[in-house]
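Listed in TrEMBL:
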type: BINDING; residues: Cys38, Asp40, His94, Cys97; note: Zn(2+) binding site
Amino acid sequence: MTSPLLPAKEYAILPVPRNLIALPDSTPPRQHVLWIGCSDSLVSETDCLDINRDEIFVHRNLGGRVSNGDLSSGSALEWAVDLLKVDYIVVCGHYDCEVIKHELAGKELSGWEMEVSKLDPNARRPSNILHMSSERSREQRLEETYLLHEVDWLKKEEHVQRAIRERGLIVHTFVYDKTRNECVRLVEE
Ligand SMILES: [Zn+2]
């Protein structure tokens, strides 16, 4: 049975300001940020956020997935949100991701990667493109849509939902572009 496509998204692509995540001085240092990324991304989390290594808890896996009931990512999420009480979650995908390419090449997918195939490859163009001259490739749109749906799911997860409600946890969606060595921010409209 073919899975239904997830709907397209309307979103803006914006720069990541240097002060987007302004952390207070903590002694001893505290991990204020949970970063969820893809294992084959070349991004440097601390450079992107301009924070120290002891201020961030990093979880990486194939495709940066959190929404498939995986015990490892579920435990990392619970640990960071309920025990570390992070103030921010950053879900950071990246262009040129092998998981997305695998999907676009029509190769057979197993459970871990299969969710990507539910995304709409004809996602609408973003309304506000940071680099106006750059054409959004199908692969890039798919990666962006995939991330936004991941974050939709994340915000509904019970630990995250409670932390948003009770202490103002903030969730950001980033994409790393290795050709520019920079992250951009996806903001739904
Ligand atoms: Zn990847």
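Glycine too: its Cβ is placed from the backbone N, Cα and C atoms.
Automated prediction, rather than curation, is the source of TrEMBL annotations.
Look at Cys38 (Zn(2+) binding site): DSSP puts it in a strand. Neighbour counts of Cβ atoms within 10 Å were taken for the binding-site residues Cys38, Asp40, His94, Cys97; the minimum is at Asp40.
Same-chain residues that are not part of Cys38, Asp40, His94, Cys97 yet have a Cβ within 8 Å of the Cβ center of the Zn(2+) site turn out to be Gly37, Ser39, Ser41, Gly63, Gly64, Gly93, Asp96, Glu98, Val99, Ile100, Tyr176.
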